[in-house]
Amino acid sequence: MTALGSAAQTGQSWTDRYTASVMNTFGTPQRVLVRGQGARVWDADGAEYLDLLAGIAVNCLGHAHPAITDAVGAQLASLGHVSNFFTTAAQVRLAEELASLVYPGREAGTRVFLANSGTEANEAAFKIARRHGGPQRPRVLALEQAFHGRTMGALALTHKAAYREPFEPLPGGVEFLPAGDAAALERAMGPDVAALIIEPIQGEAGVRELGTDYLEATRRLTEQAGALLIIDEVQTGMGRTGAWMAHHLLAPGLIPDVVTLAKGLGGGIPIGAVVAHGPAGELLGPGQHGTTFGGNPVASSAALAVIETIRSHGLLERVAHLGAQWARDIAAIPGVEEVRGRGLLLGVGLADGLASAQVAAALLERGFIVNAPRPDTIRLAPPFILTDEEAASLTVALGEVLEEQSAGAAIGGRS
């Protein structure tokens with residue numbers, strides 16, 4: 001067998017080894033990546049790509065950012081892991097920071113649970129909902145087209161049948177409602193509902209906002225029924241929309257009971273968080289939930305570095321400004337029907353006859369990494385450090401690809 005890390009290995013040889021050794025849960029890898037710097041990555045064959053997906057909204061500071069590498073290295077050099085019988089300064093500082101970011105001015109009544117991923121954070125939030133509801137409130141409401149993760153509890157909250165059906169029966173009591181339909185929510189809400197979980201912008205649905213009126217209705221109706229409001233900010237939080245939290249931007253003044261975070265929180269280091277305000281933060285007691293690695297000092301230090309860098313470099317403002325300009329530029333491309341989203345989480349809706357998977361594949365061949373969460377949508381979720389010139393290069397390339405594919409579709413239609 002060829003030694004690990006051998007310079008002679010090509011992308012195809014690594015892919016062959018992957019296929020022989022790794023469970024096929026994501027299909028064949030599109031490329032074998034070996035290095036990253038800033039918003040760019042390189043594959044095993046030496047090709048360079050502009051990473052406009054950032055590990056699906058994870059690498060918010062790009063690749064190999066010195067703030068993260070320095071923080072992780074320094075923490076590893078002093079203390080890498082402790083059990084949950086102990087805590088660390090990094091863990092406590094991060095909990096305090098997250099309380100302040102999610103619930104500004106209400107930190108005193110906020111508690112944080114640190115996990116390893118968004119799925120784990122939503123799993124914990126589901127357990128909080130069950131603790132709140134008990135036998136008297138068996139129902140949990142979620143939304144159609146929602147994605148909250150792939151573990152059994154989070155999967156029960158996820159709408160897509162292809163994800164759910166192979167693992168049924170899932171934890172029960174979950175009902176799905178049309179996203180954005182306040183009247184349907186009002187009809188479904190009642191004293192037997194433990195919680196409602198929502199994403200302020202549904203990323204896997206093609207980057208679709210719920211809207212201010214609907215978000216405000218979710219708080220009003222859950223309060224009236226005595227149910228918890230859980231907001232999943234795993235993809236949208238930590239500055240992705242140009243605000244620390246998307247719900248701060250879309251519905252200022254809305255105070256949810258629970259917010260879940262992950263992805264950009266660690267800037268590429270695995271970490272998730274549940275941030276709960278008021279009584280919801282007291283529902284999980286000793287022995288009722290836990291995780292071996294959640295809140296470990298290395299991941300906590302990485303998250304603290306991410307927060308400080310976003311703050312000190314003015315990246316919230318940068319994300320808001322670049323995202324708005326980029327959305328306008330992309331919307332002007334022939335073949336683009338609309339651009340949805342906020343900040344640097346954008347969904348590019350394509351005209352009829354254009355297939356997003358084919359567009360994404362063509363862009364990859366040109367050196368741009370994007371993805372296609374829906375048949376008619378390209379998703380962009382690049383690092384916050386993306387330059388104007390890098391953004392403009394995608395705009396040009398997308399226009400060329402759409403022109404080529406529109407011409408091909410027209411020829412195919414006449415044949």
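Note that Cβ sites are derived from N, Cα and C of the backbone, with glycine treated the same way.
Whatever TrEMBL says is automated annotation, not expert-curated.
Residues or ranges marked as pyridoxal 5'-phosphate binding site in TrEMBL: GLY118, THR119, PHE147, ASP232, GLU233, VAL234, GLN235, THR292. Taken from TrEMBL, the feature N(2)-acetyl-L-ornithine binding site applies to ARG150, THR291. Annotation comment: TrEMBL describes LYS263 as N6-(pyridoxal phosphate)lysine.
In terms of C-alpha distance, the listed recorded positions ARG150, LYS263, THR291 place LYS263 closest to GLU233 (pyridoxal 5'-phosphate binding site). The maximum pairwise C-alpha distance among GLY118, THR119, PHE147, ASP232, GLU233, VAL234, GLN235, THR292, the residues recorded as binding pyridoxal 5'-phosphate, is 25 Å. The two recorded residues, PHE147 (pyridoxal 5'-phosphate binding site) and THR291 (N(2)-acetyl-L-ornithine binding site), have Cα atoms 22 Å apart.
Of all Cβ atoms in the protein chains displayed, 30 besides its own lie within 10 Å of the Cβ of GLU233 (pyridoxal 5'-phosphate binding site). For the binding-site residues ARG150, ASP232, the greatest number of Cβ atoms within 10 Å around a candidate Cβ is found at ASP232.
For THR291 (N(2)-acetyl-L-ornithine binding site), other Cβ atoms within 10 Å of its Cβ number 17.
Summary: among the binding-site residues (GLN235, THR292), the fewest other C-beta atoms within 10 A of the C-beta are counted at THR292. Looking only at Cα atoms, GLY118 (pyridoxal 5'-phosphate binding site) sits nearest to LYS263 among the recorded positions ARG150, LYS263, THR291.
Taking CA atoms as the reference points, THR119 (pyridoxal 5'-phosphate binding site) and LYS263 (N6-(pyridoxal phosphate)lysine) are 10 Å apart. VAL234 (pyridoxal 5'-phosphate binding site) and ARG150 (N(2)-acetyl-L-ornithine binding site) are 14 Å apart (CA-CA, integer value).
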